[in-house]
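Worksheet for the structure shown next.
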Amino acid sequence: MGSIGAESSPKMEKMQMAASTREEKILVLVRLRPLSDREIMGDEVADWECINDTTVLYRNTLREGSTFPSAYTFDRVFRGDCTTRKVYEDGPREVALSVVSGINASIFAYGQTSSGKTYTMNGITEYTVADIFDYINRHEERAFVLKFSAIEIYNEAIRDLLSADNTSLRLLDDPEKGTVVEKATEETLRDWNHLKELLSVCETQRRIGETFLNEKSSRSHQILRLTIESSSREFLGKENSTTLSATVNFVDLAGSERASQALSSGTRLKEGCHINRSLLTLGTVIRKLSKGRTGHINYRDSKLTRLLQPALGGNARTAIICTLSPSRSHVEQTRNTLLFACCAKEVTTKAQVNVVMSDKALVKHLQKELARLESELRSPAPASSTNDYTTLLRKKDLQIQKMEKEIRELTKQRDLAESRIQDLLQMIGQDQNSRRTVSCLALEILSIVNDVLMVMLDRLIYVLFESSFLQSEISQNPNRQGRGRWDDDECSVSESYPPTYGGAARTPYGTHFNGESGTYLQDSGLDDDHSDATSSLMPFGKKIDGSHSRQSLGINDDEEDCKEVQCIEMEETRQNNPDHHSPISNGESEVHASVRAEQELTTAQGNGDREAHPFQNNGFTNDAMEQRLHLVDGSSSTSMKLAMSWSLKESPTIGDSTPPNGLERKYAGRPESVRRRYPSMMYDNDAARLTRSDSQSSIESAATVETRGVVTADEDIPTVENFVAGLKEMAKQEYEKQLGDNQILEAEKKKSNVKDIGLDAMLDELTTPDSPLKFERQQRTIIELWHACNVSLVHRTYFFLLFKGDPLDSIYLEVELRRLSFLKETFSDAKHGISGGQTLTLASSVKTLHRERVMLSKLMQRRLSGEERNRLYQKWGIGLNSKRRKLQLVNRLWGNTKDVDHIAESAAIVAKLVRFAEQGQALKEMFGLSFTPPSTTRMKSLGWTYSKSSLL
Ligand SMILES: Nc1ncnc2c1ncn2[C@@H]1O[C@H](COP(=O)(O)OP(=O)(O)OP(=O)(O)O)[C@@H](O)[C@H]1O
């Protein structure tokens, strides 16, 4: 809602702005009354006490046992000797007076019969109205109109308290005002005295009856409503005059009562039943609202809740005063009231400033709106879909921030563990046995860290994919309307995101989650190779009919684009290699190589291959969100360090020349912190052409980028790489130390002829000559366990390809074996494993694996040519015309654990899909836990040996 603009006083305007979108919890106050004379005479005991301003305590816990809490905390509690003025001022005053700023307010009194509701509400109403009149007197620049109405709900019938007529009034649903009482008298107040008169009329009219518990028990719910309209005198009658209009409700509910205690019968009993029933509905509504606004809220089950709907969960600020009797005999009712109060604490309302326009202003406003809609019809403007995407993108950013927090937390824990190990190592000095024990411990930690790392990486990659896709959507298609299918002459993009489609919940990777069966289903009924066009989702499934030029998609082929990117290596590359389209030379930077690989790929696709990359259409590089990992030779550091640099043209916001599309005004982009902290993952580029010797140039390039401080990962922010760096370093040092001590150890072992388990086995692996048989045995076991534990195919692939039998790999195999054995044991015991802060069950692992398979099947569309795919279908016995061929193929990967050739081929296919090629060493480092210093020989021995052609 707007403000009243020029016509309002600055102070007023400020109030409106501050409250214009106020979303807040209901203010819940508790008032304990003193024991009444009757109670004192009847030897009643006060069991309840306010121990401070916010807590009320039940003192007689012995009687109650321990089943109920004894202390209850609220926004404010008031002891028995508190005056109503104090209750008003410290309690609902602020909420009630919002009404003068155009904000609806409601003040309720809720509690059992005779607990002091009427006593409290009478005072609150009077003080509020006095303050309102005071406000009016102090704001002569505004003209105020006050209207008053009063009704009661007696035995579920509505009566006008300002009329002598006893007829029951009807409730009507007004599209603008909500539920209204038909024909209720509304008096325009002349002054304070006039209101007092009306209040006394109400008092006389209201149904009061005597019960055992209260001489003057209110037998109805009373709602007094004061409506305040105000306009600036200066603008009165003018075209642009607007009016603030809001109501404040004073609700004095009838009290819940037990027939046995109230000793009611006949009419009183009937009244009591109605009262209890409507209070029950109110309680149910409050309880449901307290759990969030999901599902059906039964407002319509009683007239009371229908009328109070805005106050309970809508456009109003609300305060509830729960009144309590302290007496022991009412403990049960008091507890019920407190339970109601506890639920009410959780309910949120969303108050807005209510501005009413003059007829002229309204006409003018409508004319403007009409003109805007007409112009939108002529040229569709960025609309709902953009907003949808923007909202989703923000959600993703929040998710990223949450993950960032998790990583921070994990890092803290890691640091703690690390420092404990360091302390321990210092404490035990040179004692070999103890050092070995500590090393074993470190190894255990490393295996856990490895696990956590992989989970975090997976999650991060997924979210970045999603996030990047959304960003590309927003940048590229600001004019796109709605969701789902969208066609035009140049492109046909069919995708569906956000994930609501066909009545079933969609997962981000193109599966449907069937809520009933709890299973994920691939979109069906479509030819596999075409299914992406209609059913697939971001990030992999979007299909663009690529007959358009790259320019039309916002991509500038011009190499000049690259210079905009603040990567120094590009300049070097130009100097070394002026022909940007020539094949990659050894001297060419990896960054440049990858960019050009992208360009070549894109050009090829533009020339015939109609499968285009989802990110190509927005000025991003391929896989713009992917991260490039370089090995940086830290000369000052003894350890290998992973650094990240941004992909070229990673985002339009990072130094590229993509012209603004207007959307920037609507969404300023992702927070800088997020963009910088999570650079793109780069499992990309046709890196089969990159040789190991290229590493050096990439090392230099990345180092240069880092030195210039252009676009590197934020040092302060823990990344997954940093996450393991500390442990890695520690483990390395320990290993070096042990290598030094190793000869002594060997001699000792020979002497004692005793074989320790654990670390000795590890050291054997490190120090004895390579044992191919043992390696193969371990590898076979690991493959079986991967299968049994539904381990990620990408993980299997990395592991399989990175660790090929080098003696130093055996540490890894040990760690993986332990991890998997633990996992399998956990699954078979039907226990829950904790992995990366997530609970892991056999069922969840199956689901995750399925999701990954779907993701890989989507990647097949982009990473393999049609010809390559067909060759694979034939080789793997999949009918060329069968449905969901890609998924069929992916489902067969890693299936035959006994057949080494099958495993190798599966790994090669997955590697191709995830573009493993240039990551060999980097990923090995990400597995994180190299115990050895880097050496050229090791790099060679562990490097990626598949060539592009050998993959398929
Ligand atoms: N805080 C208080 N201090 C002193 N007396 C109080 C207080 N609260 C209530 N009383 C007295 O207790 C009696 C019952 O109060 P009241 O009628 O307001 O209760 P009620 O909750 O409205 O009951 P019902 O639901 O039956 O209408 C009255 O005599 C009132 O004066």
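From the backbone N, Cα and C atoms, a Cβ is placed for every residue, glycine too.
Taken straight from TrEMBL:
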| type | residues | note |
| --- | --- | --- |
| DOMAIN | 25-347 | domain 'Kinesin motor' |
| BINDING | G111, Q112, T113, S114, S115, G116, K117, T118 | ATP binding site |
| COILED | 356-427 | coiled coil |
| REGION | 474-556 | region 'Disordered' |
| COMPBIAS | 572-582 | compositional bias 'Basic and acidic residues' |
| REGION | 572-593 | region 'Disordered' |
Review point. Around the ATP site (G111, Q112, T113, S114, S115, G116, K117, T118), what further same-chain residues have their C-beta within 8 angstroms of the site's C-beta centre?
Key: R33, A109, Y119, N214, G255, T323, S325
Review point. Can you tell me the mean pLDDT for the coiled coil (356-427)?
Key: 70
Point to revise | Neighbourhood of G111 (ATP binding site), C-beta criterion under 8 angstroms, separation at least six | key: K117, L253, G255, S256, C322, T323, L324, S325, T337
**Study point:** Lowest local Cβ density (other Cβ within 10 Å) among binding-site residues: T113, S114, S115
**Key:** T113
Practice item. By Cβ count within 10 Å, point out the most packed of the binding-site residues listed: Q112, T118. Key: Q112
Check your understanding: What kind of secondary structure is G116 (ATP binding site) part of, going by DSSP in three states?
Key -> coil
Review point. G116, K117: which of these binding-site residues has the sparsest Cβ neighbourhood within 10 Å?
Key: G116
